[in-house]
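Data block below; observations after.
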Amino acid sequence: AKMGVAHSSSSLSLSLPNNTCFTPTTTLSPHKSKSNSTLNPTTKFFQTHLRKPTKATMTQSSSSAFLPVKCGSVEGIKTQEQNSTKPMSDLHNIDPELLQKLVYDALVWSSLHGLVVGDKNSQRSGTVPGVGLVHAPFALLPMSFPESYWRQACELAPIFNELVDRVSLDGNFLQDSLSRTKKVDAFTSRLLDIHSKMLDIDKKEDIRLGLHRSDYMLDEQTKLLLQIELNTISSSFPGLSSLVSELHRNLINQYCEHLGLDSRKTPGNNAVSRFAEALAKAWTEYNNPRAVVMVVIQPEERNMYDQHWLCTVLKEKHDVITIRKTLAEIDAQGELLPDGTLLVGGQAVAVIYFRAGYTPIDYPSESEWRARLLMEQSFAVKCPSISYHLAGTKKIQQELAKPNVLERFLENKDDIAKVRKCFAGLWSLDDSNIMKDAIDRPELYVMKPQREGGGNNIYGDDVRKTLMRLQKEGTDEDATYILMQRIFPTVSPSLLMRDGICHKDCAISELGIYGAYLRNKEKVIMNDHCGHLIRTKVSSSNEGGVVAGFAVLDSPYLV
């Protein structure tokens, strides 16, 4: 599961006056809570996402399914509306008794509704469902985010979906852009080898499915929404992000008098149902009712429940069966028929959905690479195909930011302008002027390798040290990195839930917008934004992977 994040030192959030922030981390355990509030375990989540589709529900926005609870007198409602535009500016000074109730109710809700991950302290939690469960790390209340920027990010999703598709079809662009990287990065080299073999046999992907997530931060100084990265493989958390939005709506509705918040400002999040819809449509296009959707997984996956939510919605809402296989299992059980049909364990596979295969550790032997090549050679719909995977690499992101490159793939001038506006500064390490500036002012840059999954980027003085080492050695290792402008969002007080304990800390946030793209030859069947994810992390943390332990799941409160 892909959990890589950003790089900065501030956030879009519940800002205190004059950017005041509390430095000590305080914790609160819920065991003393006196709350006796009752919860209905049959949540709106099940009603919204596990319902068989009808004409009404398929066209209805998910946000319309949630009605805010009105609180207090008319005067009280007016005050709530006023407060909701500047929510909880004294978040760290929240009444202790109220905070204990919020914590307790949030933990009960998470347990009842599947907002869970495997506990890293339980040996079997990544392999056996139902063993060693713990609530997923989450923010107790949603993060304030300007509505205009949220809408901007949503409008960008279909453009980026189309851009990825166009780039994926230009095999020479992918090979040429990554040619230097290939010489010094063994993982990228192996991916390019598979891609090259597909080019050599003129392999066509008639049905192309992309489930993407574009991640952004709002830069405090420039007031620009800037893209961190575009994920084209294993875009995680469509299931759990939908649940976090529901949790926040539930808490706001239950405690609206005390919080002064309006649940209507937390937008409905249909990420899991829209991703399931895209997978089901791709399965339909493949046109074999006996075929299955295969989820490619890691041997141990503590984030399996996010994946199971998607599979459950696929089955309950679309009657599509899924199987889960590791790359090693696909190598052992996979078979390619003469007509291009992929069989795994004797079952025909219509759609391959990767939640693994994005990092070198997923390929410990030749067995895994054989499996990747076998899948690519088949006529199954790949999500992503090898070309979609390569289109999401950091180097391609940097190449697309160069002058006149977007024009190679997009015709609409307005779309080009919208995409270019969200690009942060991106440079290759063969730019001597940028290299010099990054050595002199390393705090303004991030070094990013061609890796996904979090924990790989280089920050601060380590940027200077790494660049000076690369200069001294004079090898081609510099081709494995790009330099990116470091983004500085607003630092804000936040309440972060982890292991049943509430941590008061200063935090920054990153907005992820999901997008789905499905095409069969010349016919675009689906191209839309599909929900959202906010990841919030302590401002002193450079990385932001949720399962890696750097960040928590969050949702936006639009202001």
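Positions of Cβ are set from backbone N, Cα and C atoms, glycine also.
Around ARG535 (substrate binding site), a 10 Å sphere centred on its CB holds 27 further CB atoms from the protein chains shown. Per TrEMBL, substrate binding site is recorded for ARG213, GLN307, ARG535.
All protein chains considered, the CB of ASN231 (Mg(2+) binding site) has 23 other CB atoms within 10 Å. Marked as Mg(2+) binding site by TrEMBL: GLU229, ASN231, GLU452.
For PRO449 (ATP binding site), the number of other Cβ atoms no farther than 10 Å from its own Cβ, over all displayed protein chains, is 17. The ATP binding site annotation in TrEMBL covers GLU229, LYS394, 448-457, TYR459, 484-487, GLU510, LYS537, GLU543.
What TrEMBL records for 291-391 is domain 'Glutathione synthase substrate-binding'.
The Cβ of TYR459 (ATP binding site) has 17 neighbouring Cβ atoms from other residues within 10 Å, across all protein chains displayed. The binding-site residues recorded for this entry are ARG213, GLU229, ASN231, GLN307, ARG535, and the Cα of GLU229 lies nearest to that of ARG486 (ATP binding site). When the alpha carbons of ARG213 (substrate binding site) and ASN231 (Mg(2+) binding site) are compared, the span between them is 5 angstrom.
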